[in-house]
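Annotated features, as they stand in Swiss-Prot:
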ACT_SITE  408  active site, nucleophile
ACT_SITE  600  active site, charge relay system
ACT_SITE  639  active site, charge relay system
BINDING   638, 641, 646, 649  Ca(2+) binding site
COMPBIAS  40-58  compositional bias 'Polar residues'
COMPBIAS  84-112  compositional bias 'Basic and acidic residues'
COMPBIAS  162-193  compositional bias 'Polar residues'
COMPBIAS  204-223  compositional bias 'Polar residues'
COMPBIAS  224-234  compositional bias 'Basic and acidic residues'
COMPBIAS  235-246  compositional bias 'Polar residues'
REGION    39-58  region 'Disordered'
REGION    82-260  region 'Disordered'
SIGNAL    1-34  signal peptide
């Protein structure tokens, strides 16, 4: 009898417990749904439909499971309900505990919602953050979620069973799979961690706000159940990172489709920062041709390189000619830039006179359309106006200076320009007074204090026998001008700088008409060209018209590449002389005046050192103004060694050429301490 009573009491206890579980099922289920509605109020209607369809699917699966195990849940619930009133005290106590638990959950939900908003704001501020930093943040959030989950599990231990049953009807979008009832709690906990980490890593390549939402929802849904992989292999965060393109798949087809659709609807692609990529590419790119800022240059006054006779810049030169400033050895101007010196290559006429070239040099620096002057154009019979230059130093004026460095005839051209700036052109001034009209500021004079220094390299200040004996012959001039005429056609890019003489085909002019017109040009009988100015007569005329400026530093560099013959006083060309100059070098070496024989292949040493009628001194460390400072003659240096055009010369190396120009540029910077009027 006693055993029967014990059995009845045990049966009663089981029945009361079942009633309690059923009651908690309905109460907590309704309250959990209310809590989820509050948290997910902002979610789209699509999320709600998706979650409901998933819940329905899982409910059907649970029903099937119960039928397979022979459990009649409905009948069992009805039998237990009849005895509900037998233990009101226990039921009320459990109701109270359930209410307290739901309140705690609602508080946690509110905290999670606030944390979610904060994470979204932080993520918005750091959209351009390093992906590595984002990964670290996600891992930290996962760890925090795990810790929060353990604490939450301890608080809700009493209602664990009811939560597990209710989860099937209220499974949120963050966890799309479920666990089999046969799994124990430790397996459930492990699989919850894996799936939540998987979901976070799956969203990581997408919008960071979505990823942070999942971290927050991870804490809210810490009791949700997932179905394990068949092989039950433990996954780590690092494994998931390496397989972001193939995350853990849901076990059901409907779950897979619903999950993917929700991700597609809420995902926003995070595009690379294009500006950052461009800045990085620039930073890593080649810096060879980078131009330093004005404040970073060693020289205050720009250096302007002025080429000589038959000189061109690369954009207009015949293809058979090497780069003028450096040849194949180096680009002198670019090398100066790379080493902190602001420098330019002037582009002026290759065969024009010193006067025409000086005018062109002025406009090359200042900018504007070339005006050769009305009087000059009328005197020599060519066009008054020439090409238009953009200008490299548009603010060039008294007080704003430049360094002028001229090679060969370029040294004469520089001297002519300085004379025009300081004293103007008396002929142009008189012509303008008589005929009125405009006059270029260059010809008015009173433009002193615009040149800091004048440096010449192998310049025939007193002319050269090479031009006297060969260059000024009618046959030679005819050949050269014919070449200029040929390259003057409208389809040619080569420019000999003789357009003012008509040696440039007009756009609508046939080539036959162009040739006929050129034959009538005054160029063929004029002295207004480079051939004449390079003769000793032409150079002497320039020396009479020019003078030294007491405010300018003058310096000359001279080379020689000949040696005395064995049986005479004549000079013979050295073996390493630039081959085209061997003939002219030997001709000059036979000159009647012995002092003119030593030469660099084109220019005699005595002519390159200084103009005969102007003061000079040997160059020293002391910088002097208003006088030619003559540097020691550089032996075994021919006419083009100063500019590195002889690529076959193994004696003169690139390093030697580079050292020469660095030393020259450094000297120019030192002269600014003497010529800078701003310091006075």
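Here the Cβ of each residue, glycine as well, is placed from N, Cα and C on the backbone.
Feature map: Swiss-Prot annotations on the structure.
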residue : record                           : Cβ within 10 Å
408     : active site, nucleophile         : 28
600     : active site, charge relay system : 33
638     : Ca(2+) binding site              : 30
639     : active site, charge relay system : 31
641     : Ca(2+) binding site              : 27
646     : Ca(2+) binding site              : 24
649     : Ca(2+) binding site              : 21
Residue from 408, 646, 649 whose C-alpha is spatially nearest that of residue 600 (active site, charge relay system), among the recorded positions: 408
Listed in sequence order, residues not in 638, 641, 646, 649 with Cβ within 8 Å of the centre of the Ca(2+) site Cβ atoms: 561, 576, 577, 578, 637, 639, 640, 644, 645, 651, 652
Spatial separation of residue 408 (active site, nucleophile) from residue 646 (Ca(2+) binding site) - C-alpha basis, Å: 15
Nearest of the recorded positions (638, 639, 641, 649) to residue 408 (active site, nucleophile) - Cα to Cα: 639
